[in-house]
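Engineer: Below is a structure I'd like to ask you about.
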Amino acid sequence: MSHFAVASRRLYIANELQPYRVDITDGDLFYIPGWLTRDESNRYYSKLSQTLEWQQDRIQVFGKWHLIPRLQAWYGDADANYQYSGRTLTPNPWTPELAVLRNKLSESGMASNSVLANCYRNGEDRMGWHSDNEPELGPAPTIASISLGATRCFQLRHKGSRQRIDIELENGSLLIMGGQLQQHWQHGLPTRKRCLDGRINLTFRQVNGRTIRANGLK
């Protein structure tokens, strides 16, 4: 069963097929389990893991270069460039699978011109604390996050109160972050030592300024 862990409380989803609005301050957060069927999710995971232009980028932290603990790929419209740790990455053109998912989101009112794909090869791969608050995304960006593969714990923490929320993101689920969430919250994906399976995360977004600068901690 899907669940949220909020402080010491645990909130259960009554209907697995219905979107769940997470009760938080300073932002909007929705979790939709089963947004894709299990068969659809497995097919997308298999196809994308084999066909996307995955690479393990390096970031500079305190003057030293480090490989990021996951694989990444950037796709989108031709002019949706991506600046990452001093480098400008040109987006790969939309693949048929990514275009289908983009259109499915568009039918629900979620516009996007780019997607950042992250591949967590096993439980050792992770994402550090950060906010997607680059100026090019606007003051209140809406980001749609699709999970494929292994279930992993997605964490959020409030920048002021330090309240933390843990959400187990399941295969085929959709998480939507909006409103002022990026201004007031950070999020990340910690390691899960016992997880041997891979996970792909697709975060669709609208780059208003046509260039997005990534936080070096991502």
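Every residue, even glycine, has its Cβ placed from backbone N, Cα and C.
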Engineer: H184, H187: which one does TrEMBL list with N118, Y120, H130, R199, T203, R205 for the 2-oxoglutarate site?
Structural biologist: H187
Engineer: For the domain 'Fe2OG dioxygenase' (111-208), what are the DSSP-based totals of helix, strand and coil residues?
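Structural biologist: The composition, in the requested order, is 7 helix, 48 strand, 43 coil.
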Engineer: Would you please pick out, from the binding-site residues K64, H130, H187, R199, R205, the one with the fewest other Cβ atoms within 10 Å of its Cβ?
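Structural biologist: Counting other Cβ atoms within 10 Å of each of the binding-site residues K64, H130, H187, R199, R205, the minimum falls on K64.
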Engineer: If you count other C-beta atoms within 10 angstroms, which of the binding-site residues N118, T203 is the most crowded?
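Structural biologist: In terms of Cβ crowding, the pick is N118.
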Engineer: Express the distance between the Cα positions of F62 (substrate binding site) and Y120 (2-oxoglutarate binding site) as a whole number of Å.
Structural biologist: 25
Engineer: Once the chains shown are all counted, how many other Cβ atoms turn up within 10 Å of the Cβ of F62 (substrate binding site)?
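Structural biologist: The answer is 5 other Cβ atoms.
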Engineer: How many Å lie between the Cα of R199 (2-oxoglutarate binding site) and the Cα of G63 (substrate binding site)?
Structural biologist: 30
